[in-house]
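Visitor: Look at TrEMBL and you will find 153, 231, 263 tagged as active site, charge relay system. Sequence annotations record features per position, and here TrEMBL assigns domain 'Alcohol dehydrogenase-like N-terminal' to 336-467. Sequence annotations record features per position, and here TrEMBL assigns domain 'Alcohol dehydrogenase-like C-terminal' to 509-638.
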């Protein structure tokens, strides 16, 4: 479907507001609509959309200009798009009258049947059929009916009637501001129905009160109405009629009567965030439910492969500094204490590239890399009791045997369970054997106990963190390494207190997770340090209060001395997220005199050593490190996922690149090398 973007504005982060023109088959003229796309928008990601229908005299821009700042901010938070169509057809050949409540700007969201309006005024079809089809086809918005609707005044009438007429799952939720609730008993409605349809009676099928009273049961979990009590048009709106109809059929209806508010955009702006959140929460819940259904359909076929060798595709690392090769491999069934998983999505981590570049002393070739993934259990070996086929799991390179005899698992001081550490470092399973073979039958080593650059993998049961099926696996995978590590370094390893000062060196995904964790912990000052200033905006959006580029400092001024001068005595907590031993020293030396703690997160290349003057430690600084943020994998990762589902730990903003197919893993590696990639997620 042809369309033209006639205007584009950046709103915040990478969110955009566009005005789009297209030739309409419904109205037989060009139509323009506004479209807000959140920074997380991806055509491949089923982004939900909220329709906003404006009131009399408005066009596609009024809402965006007058209420957009508040609405777009909340839509960005919820990760949903907003579409704002015009209120009527416009153009030289479109019939019009000299009246604010008829003709252009007053299409009333009906299909006109009376001349001269019957040729162009088909706004109901435009809003319910043509525009949704365009958005689905060209933007992948609102697919699988992931769409909701809201509006104001005449647009509130439109939102309610559209949602009540199409009430079999086409819309997820509905709300309105000062809607015309009983339009056949309203002067505005009567005039519109007589002119567009030929009689008031023909407007019955577009009267929200009448439509609701005809329902046999509740059709939406809740209908939300906002009404100003100083509204000069309240006599036209008749919310009390809709309330009676709702009571009659048992439909939950919430009418918020607001003292001191009239009918205008100040009223809308004051409460629009509440409505966007109302829809966002329901759209997100529906999206998760749909994702679970699709994933469950995959799991239903596992009975055919259990106990058998699986042939699948994988990206094999044949040697250091070589591109991965796309190969057909075989994956053996799981043995005792093992789990075979279908990998749904994998996020690329710098540790994978670190090993591929030959910097890992434990790196073995050929091997299957990958350790930050979301998977479904395909089958389990003898003795496995904590997961069953169909469960969603995050493979964790830091296992948790949880045995009473394991002093590491029983200690609150560490998460470093050594149960399978020796075999994991040798690229083999706990029993000393291998589950992967190439097309010639030759063995392929495992990696970090995960090996998720393959469509199927076998991992130890004690490396499986069972998580809620409600979270999409292409987002849940982020908790498999980097994000968890950054958050845990703040919350567990250092236990950052409220009002602390923090410095973060390196603004990749781990560094940004540290900032997010520090903000959540209540740090009052968070200094973000990186030589790439393009990363500063993301850092600030997550809570950084200051951003410093060491390259901008005067010659001879070290970054650590600069941070000390900014803070008088240094920061309470500093974090190295670079893996550079010189930066590790800088981070330590700008920790607060007397009590500062510096945490090493980044992994240095083989053979590199850290150094500082002993006096730095004598004067009260503490130098420590963290692995997986101190989280005990099987116990804590499910909790992180639950906190994400509650909105407490959003992670989608870490995904900067997406790819489809295991064969696109080299493209993800290239993106990571380009310098502007936080996390590249590959869906298999």
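Keep in mind that glycine also has a Cβ here, set from the backbone N, Cα and C atoms.
Model, not experiment: these values are computed from the prediction.
Help me picture these features in the structure, burial and contacts included.
Guide: Spatially close to residue 231 (active site, charge relay system) yet at least six residues away along the chain are 178, 237, 261, 262, 263, 267, judged by Cβ distances under 8 angstroms.
Cβ-based neighbour count (10 Å, all protein chains) for residue 263 (active site, charge relay system) stands at 21.
Taken as a whole, the domain 'Alcohol dehydrogenase-like N-terminal' (336-467) shows an average pLDDT of 96 in this prediction.
Here the domain 'Alcohol dehydrogenase-like C-terminal' (509-638) is broken down by DSSP into helix, strand and coil counts: 58 helix, 22 strand, 50 coil.
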Visitor: Using DSSP, break the domain 'Alcohol dehydrogenase-like N-terminal' (336-467) down into helix, strand and coil residues and give each count.
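Guide: Final tally across the stretch: 19 helix, 38 strand, 75 coil.
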